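According to Swiss-Prot, the domain 'Cadherin 1' annotation covers 90-197. Among the features that Swiss-Prot reports, domain 'Cadherin 2' is placed at 198-309. The annotation domain 'Cadherin 3' is assigned in Swiss-Prot to 310-423. Residues annotated as domain 'Cadherin 4' in Swiss-Prot, with sequence analysis given as evidence: 424-528. What Swiss-Prot records for 529-644 is domain 'Cadherin 5'. Swiss-Prot lists N120, N346, N495, N579 with the feature N-linked glycosylation site. The phosphoserine annotation in Swiss-Prot covers S826, S830, S835. The feature topological domain 'Extracellular' is assigned by Swiss-Prot to 90-644. Annotated topological domain 'Cytoplasmic' per Swiss-Prot: 666-863, in sequence order, evidence recorded as sequence analysis. The transmembrane segment annotation in Swiss-Prot covers 645-665, and the record cites sequence analysis as its basis.
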Amino acid sequence: KFIGRVNLKECFKSATLIHSSDPDFQILEDGSVYTTHAILLSSEKSSFTILLSNTETQEEKEILVLLEHQTKVLKKRHSQEKVLRRAKRRWAPIPCSVPENSLGPFPLFLQQIQSDTAQNYTIYYSISGPGVDKEPRNLFYVERDTGNLFCTASIDRETYPLFELVAFATTPDGYTPEYPLTLVIRIEDENDNAPIFTETSYSFEVFENSKVGTTVGQVCATDQDEPDTLHTRLKYSIIEQFPALPTLFSMHPTTGVITTSSSKLDRELIDKYQLKIKVQDMDGQYFGLQTTAICIINIEDVNDNLPTFTRSSYVASVEENRIDVEILRVAVRDKDLINTANWRANYTILKGNEDGNFKIVTDSQTNEGVLCVVKPLNYEEKQQVTLEIGVVNEAPYTGTSRSTTNMATVTVNVQNQDEGPECDPRVQTVRIKENVPVGTKTIGYKAYDPETGSSSGIRYKKSSDPEGWVDVDKNSGVITILKRLDREARSGVYNISIIASDKDGRTCNGVLGIVLEDVNDNGPVIPQRTVVICKTVMSSAEIVAVDPDEPIHGPPFDFSLEGVSDSEVLRMWRLTKVNDTAARLSYLNDLRFGKYTVPVRVTDRLGQSLVTQLVVILCDCVTPNDCSFRPVSRTGNREVILGKWAILAILLGIALLFCILFTLVCGATTGADKKPKVFPDDLAQQNLIVSNTEAPGDDKVYSTNDFTTHAVGGSAHGIGGTLGSRVKNGGQETIEMVKGGHQTMESCQETGHDHTLERCKEGGQHTLDSCRGGPVATDNCKYTYSEWYTYTQPRLGEKVQQCDQDNTHMQAQDYVLTYNYEGRGSAAGSVGCCSERQEEDGLEFLDHLGPKFRTLAETCMKR
């Protein structure tokens, strides 16, 4: 039955083979889909695949066809509709098959195709497709009148497993009463192909001593007959093993996996086995076809054999004092594979090489052990050395032997050699007191002949004598003092180099260390010859003495002033002992600044003393590093010396004078224009005293207001000083009012903030501005010139007086000191923002106050 049509050309234009994955459906070349017989559509039959392939390019494509069950809806018959008629069934011959390699006779009848329309028409039958008009051509034909289908030759299934032909039924005049019919001819398989191994010869490796069941390898064979039939069901087996005994391998009949059947594989006995294997189809039955192949199994080596010495003992000889010389080669036997880690030997010296005179290495070419001398031997000390050497492989031992190291004994005979003198020990010492008289003789360096053990016949000479202090006797090695020996000059030890030689000219080198014993030949001295005493901050200085002699001739020291009892030194200075090596020098009277020479005698514990002329500088400074020495005249002529603080005081005085003159000039020009004060000049200093406030007042910061009095200008040019205020909180300048009836200007200090009073003109008035250009919170109280002069004059005078005092005290008094707590005081009143405002502008609101505030305003007005 015709189902539908698929457009195959859109998918694959060059398809040479078209067939369906489901035998219930047939596909024609034009894409028509037919059912081969009546089927019941179920969920399993909901889809099938059309397979398209090109046999030349081996290109394949698939088209998925989905089938939907459609129920026909019957309409109500109308009079004008035609009467429904039963459709006849399509012609559909049963599928047929042809045995592979059929012997005929040919042509061989297959089946008859016949159309039901032959009852009404004269039908001619024809076929087309592969095997008819396509390669392979002329394998099939059909009789035109009867529809009998014939095969003309035998067919190989492995080449053409099936043929899809299209049958046509037509009338003589060309009318086609039937749809084309797809006819599938299957080729029945015959067991005509023997299985073939993928390789003609296989090669595998397995380690010796492997356990039973160890996998060696797997073989594989293929069969071109029809899959999933008895013709392609294969069985594997081992036909023969060489060497035949013992049987060591087995093969799985289905998978072809070869495994070990014994653990007695020994590479040292047999390193390769050859197996003849067979594969047979028909599930291994005797009539099945079979093929054989060769499998070679190589036995891999493991370190199951220990290396063994060819001899158990060896004898070698070597001359004394020889180094880096080969004295013996030892060989080993090893059955493992040559030139592998299982065969290569590692030699070690197990015993007898405690002094490190020997080493043994492996010759990589011969695997022999090479014994060498790396440190000279001494015949006089040892004439024979017995060594015990061992050998192992590079790879770990995997055998069953308990001992893993093979050992041998080597006897090394040391041969005597005529040697030169021996300097032993190389460094020798002799102790001599320093300052011994020139010409003193003492023992010197000694070398000896190792053959005789004596120093007879050995000659000595110096090779190095840095100071030329000694001479060496060439026959005995005795040293003679040529110059005065000074222990302090050579740090207690003086080294000279000696060359000792015998009559044959053989030499040895040695060092003679002369240890100089100390004598008390040095008095203690004071290294620091100049002492600075800052008179303003200290009254003494500490001096320290040192003694280059050894401690036994050193401290404790005794310090004293050199001079008679009534000398000027004793009247001016005093020494006080601090510890064993230091004393404190202090002046007694109020000495002038200047430089003094004080002789100080220091005596060590044994009475050796030395006088040091100590230069003491009395300086006007804070630290000794700040001192710049100024000479002092000891006669009646005195010079006036100005310090830096005195110069600063002079400059400040000049600046103060300039400020006073500037203030007077400004006051004279602006006094006539001053407006009357709004508030009275009462005892409260123009502040409203509020007594009924129980809470703290508000902290307010206001914009810059005109300071109605005359301000002091900034620093005078050319003087180098500034008169200003320092910022304490947030960089703001404040003028605080004291409630006790005095108005003060307070200057505050905070690191890094300096401001100056600058003269500005604004509306004809002089104001106090911050040098930083920011707002300045000021008290707008009006000061008169007399009040300002009363306030500034005593303070400036006090600062000028303090400039010549000590720098430390001056710095402490030059700033407002901040205290954490000053005790509990009386309850403070609240001063609001309006009580501090002194502008004469913006007070018109007082004229419009209510009745409650008029009395208060009249009270505050200055009459």
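Backbone N, Cα and C atoms are what each Cβ position is placed from, and that goes for glycine too.
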Within the domain 'Cadherin 4' (424-528), residues counted as helix, strand or coil by DSSP: 0 helix, 43 strand, 62 coil
Average pLDDT across the domain 'Cadherin 5' (529-644), rounded to a whole number: 78
Pairwise Cα distance for N579 (N-linked glycosylation site)/N120 (N-linked glycosylation site) [Å, integer]: 152
Neighbouring C-beta atoms (10 Å sphere around the C-beta of N346 (N-linked glycosylation site)): 15
Helix, strand and coil residues within the domain 'Cadherin 3' (310-423) as assigned by DSSP: 0 helix, 53 strand, 61 coil
N120, N495, N579 as glycosylation sites, winner by CB count within 10 A: N495
Distance from N495 (N-linked glycosylation site) back to N346 (N-linked glycosylation site), taken between C-alpha atoms, in Å: 48
Inter-residue Cα distance where the pair is N495 (N-linked glycosylation site) and N120 (N-linked glycosylation site), in Å: 144
The domain 'Cadherin 2' (198-309): DSSP-derived helix, strand, coil residue counts: 6 helix, 50 strand, 56 coil
Structural state census, the domain 'Cadherin 1' (90-197) (DSSP three-state): 4 helix, 42 strand, 62 coil
